[in-house]
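Report on the structure given below.
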Amino acid sequence: MDKMFCYQCQETAKGTGCTSIGVCGKTSETSGLQDLLLYTEKGVAAYSTVFRKNGKAKELLEGKVNRYLINSLFITITNANFDDNAILDEIKAGLKLREELKALATDEEKKEAEKYGADLVNWYYESNEDLIKFSENQSVVGVLRTENEDVRSLRELIMYGLKGMAAYAEHAFNLGKTSEEIFAFVEEALLGTMDDSLNAEQLVALTIKTGEYGVKVMALLDEANTSALGTPEITKVKIGAGKRPGILISGHDLWDLKQLLEQSKDSGIDIYTHSEMLPGHGYPELKKYSHFYGNYGNAWWDQRKDFTNFNGPIIFTTNCIVPPVKNATYKDRVFTTNAAGYPGWKRIKVNADGTKDFSEVIELAKICQAPVEVESGEITVGFAHNQVLSLADKVVENIKSGAIKRFVVMSGCDGRMSQRHYYTEFAENLPKDTIILTSGCAKYKYNKLNLGDINGIPRVLDAGQCNDSYSWAVVALKLKEVFGLNDINELPIVFNIAWYEQKAVIVLLALLYLGIKNIHVGPTLPGFLSPNVAKVLVENFGIAGITTVEEDLKKFGLYEGSGLDN
């Protein structure tokens, strides 16, 4: 048998699955432990769902279980955590939590929990050696435990959607926003992937329901971000480098960024964002800090070069981590927090009240050299739904006059594959009466191009992070209302989405739930879609891949003059 099996990301080996080491860099041991962590979590969920329905052990659910459910999923997202010891600790914490729940269960509740498998809720090992050995049993804890290819495909599609949802839920959680409804659904979906009584049709329904809850969790995170940090504003962001030492913060957790800015003010250093942290510059409660200098570098996959040039400490608040080469000059100045982790990298200290202590990072930054300037100029951010809707009259006026003919949603992820240059060429060759709506790190393929504007409206509108794809759904629904259309698919909006990891999966499922059809996904279709499941998505939702820029522009009707009236 192969050492591992993982096919959750776009770059999976040969488009079918990694079997000896992950293309992402994770070892077979790490892959097995991540599988075991999810198996452990499902055992916790088997009990917590019973208690939640019965209104029992509320304090335990709110105090420990809810956070565990989302954090365990988040740890297993592509490029989030490579630290086997951290994953082992999370497995042990889950076993302890499961046993704590079990001790409170009646015989009837135990029987209900065991319907997903007696082994799921009763297995137990204490030593790392035993846990590692058990994690190697792919037929029990791994993806391949499901023999039927189509059932496996649907179960994993749900799991990957859940992982993306959990990431967004954790960010909202960190900002004090939670939802009992969302936690209950996470349990339902986790256990749905263990329920052998569910047929393919029922799993398809659960997949779309996952998309429904994806919309809910993105709305929750949007509320969390804006209530704590203000509504994003159109903001120009410097992409050069200053003369002072700096700290580079990567990932997605805006609350960590807020705390870092507050703790580092008046310290003589600057704060820079990296990759998906770029949208932070649009939030009033973040941009008010004078030492919030700009954005440094490009998308996550190019970080080895960017981190070397930056010279100062780097903080990963979440994924995406690229394992450093052995002689990397920056590996002793990288810190992690939340679900992110890498062997040998330092952890950010967490205070008793849950706040972070960034003092060690700040002190290190003071003795580092300033970043090397590798580019200069500015890029514009801050076009989330509130900002775009405030311009609604201007947008509608330009649509009615014919100045704007089409919108192209190019949200999603960036990645290493050379095929992704397609998105740069696609953006460059769009008609001048077309506006790109983007979010996520896919933007790095074209956000530094000079694509101009249409009567003062930039031709690239950046809503923010991957979760801010929610903004384009809000905008689309508003435009549908303004133009009196019966179907959202009648709008002059094309969806050409780039995916890489599981947050893009929940965005896709959310769009499907909202009824959006004919979405194109690239640079390749997911390897975890079996032929039959892919056929269902094609026939029911019009899902398709990409071809060449020239062919796709024709296919999408993206030529001068095409639009709402054509």
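Residue positions begin at 1 at the first shown residue.
Backbone N, Cα and C define each Cβ position, glycine as well.
Quick caveat, the model's predicted, so the values are computed rather than measured.
Listed in Swiss-Prot:
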| type | residues | note |
| --- | --- | --- |
| BINDING | CYS6, CYS9, CYS18, CYS24 | [4Fe-4S] cluster binding site |
| BINDING | HIS252, GLU276, CYS320, CYS413, CYS441, CYS466, GLU501, LYS503 | hybrid [4Fe-2O-2S] cluster binding site |
| MOD_RES | CYS413 | cysteine persulfide |
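Sorting the binding-site residues HIS252, LYS503 by the number of other Cβ atoms within 10 Å puts LYS503 first. Report note: the [4Fe-4S] cluster site is defined by CYS6, CYS9, CYS18, CYS24, and the residues of the same chain whose CB lies within 8 Å of the CB centroid of those residues, excluding them, are TYR7, GLN8, GLU11, THR12, ALA13, GLY17, GLY22, VAL23, LYS26, SER31, THR78.
On its own chain, CYS320 (hybrid [4Fe-2O-2S] cluster binding site) has THR78, ASN79, ALA80, SER250, GLY251, SER275, TRP300, TRP301, GLN303, GLU501 as residues at least 6 apart in sequence with a Cβ closer than 8 Å to its own Cβ. Counting every protein chain shown, 25 other Cβ atoms lie within 10 Å of the Cβ of CYS9 ([4Fe-4S] cluster binding site).
Those same-chain residues not listed among HIS252, GLU276, CYS320, CYS413, CYS441, CYS466, GLU501, LYS503 yet with C-beta within 8 angstroms of the centroid of the hybrid [4Fe-2O-2S] cluster site C-beta atoms are SER275, TRP300, ASN319, GLY440, GLN465, TYR500, ALA504. Least packed by the Cβ count within 10 Å, out of the binding-site residues CYS6, CYS18, is CYS18. Ranking the binding-site residues HIS252, GLU276, CYS413, LYS503 by Cα distance from CYS6 ([4Fe-4S] cluster binding site) puts LYS503 first. With respect to Cβ neighbours within 10 Å, the binding-site residues GLU276, GLU501 differ, and GLU501 shows the lowest count. The Cα atom of CYS9 ([4Fe-4S] cluster binding site) lies nearest to that of CYS413, taking the binding-site residues HIS252, GLU276, CYS413, CYS441, CYS466 as the candidates.
The CA atom of CYS466 (hybrid [4Fe-2O-2S] cluster binding site) is located 20 Å away from the CA atom of CYS24 ([4Fe-4S] cluster binding site). Checked against CYS18 ([4Fe-4S] cluster binding site) by C-alpha proximity, the binding-site residues HIS252, GLU276, CYS441, LYS503 yield LYS503 as the nearest. When the alpha carbons of CYS441 (hybrid [4Fe-2O-2S] cluster binding site) and CYS24 ([4Fe-4S] cluster binding site) are compared, the span between them is 17 angstrom.
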